[in-house]
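K.L.:
Residues or ranges marked as signal peptide in TrEMBL: 1-20. Residues annotated as transmembrane segment in TrEMBL: 29-46, 76-95, 102-123, 129-149, 161-182, 188-210, 291-314, 326-348, 360-380, 386-409, 416-439, 451-475. What TrEMBL records for 227-266 is region 'Disordered'. Positions annotated as compositional bias 'Low complexity' by TrEMBL: 232-241, 251-266.
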Amino acid sequence: MGSIVILTNFILSFATEAMGCWKQEKTNTWAFPTLILCLYGFFYMMKPSEPFLTPYLMGPDKNLSTDEVTNQILPVWTYSYLALLFPVFLLTDYLRYKPVLLLQGISLILTWLLLLFAHGVLAMQLVEFFYGMVTATEVAYYAYIYSVVSTQHYQRVTSYCRSATLVAATVAAVLGQLLVSLAHVSYFYLNAFTLASVSLAFLCAFFLPVPQRSMFFHKRDAPEPLPGPGKGLPAGAARGPSSCQGERSPDAAARAPSPQPQAGRAGPHAVLSVLLQLARDLRGCYGSRKLLCWSLWWALATAGFNQVVNYVQVLWDLRAPSHSSAVYNGAVEAIATFLSSLTSFLVQYVKINWDYFGELALGIFSAIDASCLFLMHFSTSIWACYAGYLIFKACYMLLLTIATFQIAVNLSMERYALMFGFNNFIALLIQTILTIAVVDSRGLGLDIVTQFLIYGSYFAIIHGIFMIRSICVLVSCKYQRKIERSCTEQLNQAEHESREQIVTSYMTWL
């Protein structure tokens, strides 16, 4: 009997030790947190009801009017996103990501519970507030992985996480369209499916290990070496030889990580120190006119893009009312996501000197975006609206990919994350101004068709800014090359004359 007890205790202790080693191993490697984060991102983006939000709100389930949805409900998302973005950014780093991911999961569940069972304008405004919380906490998802893996795995895990979210968004849109068009599933059950998916995402977040460090409040003691040229960056992101260096390139301080508060200094002084360091880093980042130019386009275009995406379903419902027409919102979103992924992927094969032609590309594609929005304004065909949206989104994603690696290649990971967040914050400020002035019932409260005329004009202004800038750069470069050629010719001529004088002097001496 005693030997049985001893054997049982030995087996239990061995099993406990083995389980502990297995848990430690799976949390210490980069594969386990990457897998869990990919699962989280997949279920978080698996929302088949999202392309059909406006028909759902304006249909028999909620029975809201177009003016209520456009001018009273949808603007709340912009306001809540702006109010929550900066505090959530600091809180994410202070709490080391996982608690904020759990908060995002709770906000997702509350959003879809209210969508399913609540009614009235006030309840739907609360839905938009919680969804603003969801989008504000996205920073935790994209920053988490860099705190638990080494620098050598950055490119791989970024690819995995991005792929998981893009695949989920595409599958969700296709699935939603098939369920609506073929199975005639109501929008209510699509939202119930989404609620189940985001609930699974919330459960996945519990299995994520808590990082021991973060970018600002819990800085690692010895920073890992930054990836060298061509390492840790997407293919095609390496800078080619620059011509026309009329602009000051970022200094070495912009590439090197700045000193940050160490772990354990999590008091008010640490917060103040982090804020001061962030201010110094921002001044260093935007000291480069090149980075300032790309960041300006990023902020301006993202503000307009978010407005279009937020209100395009209302325009579609006006052109083809969901109660009397077939709705293809899901198919359009799936194709748009695929085209965006394709254009982003093809960027690596484009061999262009972006220092020279970058502003020209920004101007040309902004003109295409403006044309698409004008088409959506003037055309009464739903198919023209769909086509305009597809081209608009693909062009924006193409330029955003270029802007991303143009900024990232010159900065350390800490400064890139800071610049990414600040650019989006400025974009959100501009978007809020647009919402108050154009959309909100307390402002102009314009109808949805006139809104798209405003958005098209907005992108036309962006086109004008960057075309003027590109003309100035090209003329400056041409003038500089002319001066260099003139100087070279003068030097060659002077050298030739000097050589002739030497020969003449020698012959005279003879």
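Glycine is treated like the rest: Cβ placed from N, Cα and C.
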K.L.:
Quickly jot the same-chain residues contacting the transmembrane segment (188-210) by Cβ under 8 Å, restricted to those at least six beyond its ends, or write none.
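P.N.:
Distal contacts: 27, 32-33, 36-37, 39-44, 46-50, 52, 56, 61, 96-98, 101-102, 104-106, 108-109, 111-113, 115-116, 144, 148, 172, 176, 179-180.
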K.L.:
Counting only CB pairs under 8 A, let me know which of 29-46, 129-149, 161-182, 291-314, 416-439 has the most with the transmembrane segment (451-475).
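P.N.:
Between the candidates 29-46, 129-149, 161-182, 291-314, 416-439, the best contact partner of the transmembrane segment (451-475) is 291-314.
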K.L.:
Would you mind listing the long-range same-chain contacts of the transmembrane segment (29-46), meaning Cβ under 8 Å and 6+ residues beyond its ends?
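P.N.:
The answer is 101, 104-105, 108, 141, 144-145, 148-150, 153, 157, 160-161, 164-165, 167-169, 171-172, 194, 197-198, 200-201, 204-205, 207-209.
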K.L.:
Return yes if the transmembrane segment (129-149) and the transmembrane segment (76-95) have at least 3 CB pairs under 8 Å (sequence gap of 6 or more), otherwise no.
P.N.:
yes
K.L.:
Of the listed stretches 326-348, 360-380, 416-439, which one has the most C-beta pairs under 8 A with the transmembrane segment (291-314)?
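P.N.:
Going through each listed stretch, the top one turns out to be 416-439.
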K.L.:
Under an 8 Å Cβ to Cβ limit, what residues of the same chain, 6 or more beyond the ends of the transmembrane segment (360-380), are close to it?
P.N.:
297, 301, 304, 308, 312, 315, 319, 352, 354, 387-389, 391-392, 395-396, 398-399, 402, 449-450, 452-453, 455-460, 462-467, 469-470, 474
K.L.:
Can you work out which residues elsewhere in the same chain, 6+ from the ends of the transmembrane segment (326-348), have a Cβ less than 8 Å from its Cβ atoms?
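P.N.:
The answer is 48, 50-52, 55, 166, 169-170, 173-178, 180-181, 234-237, 313, 316, 320, 386, 389-390, 393-395, 397-398, 400-402, 405.
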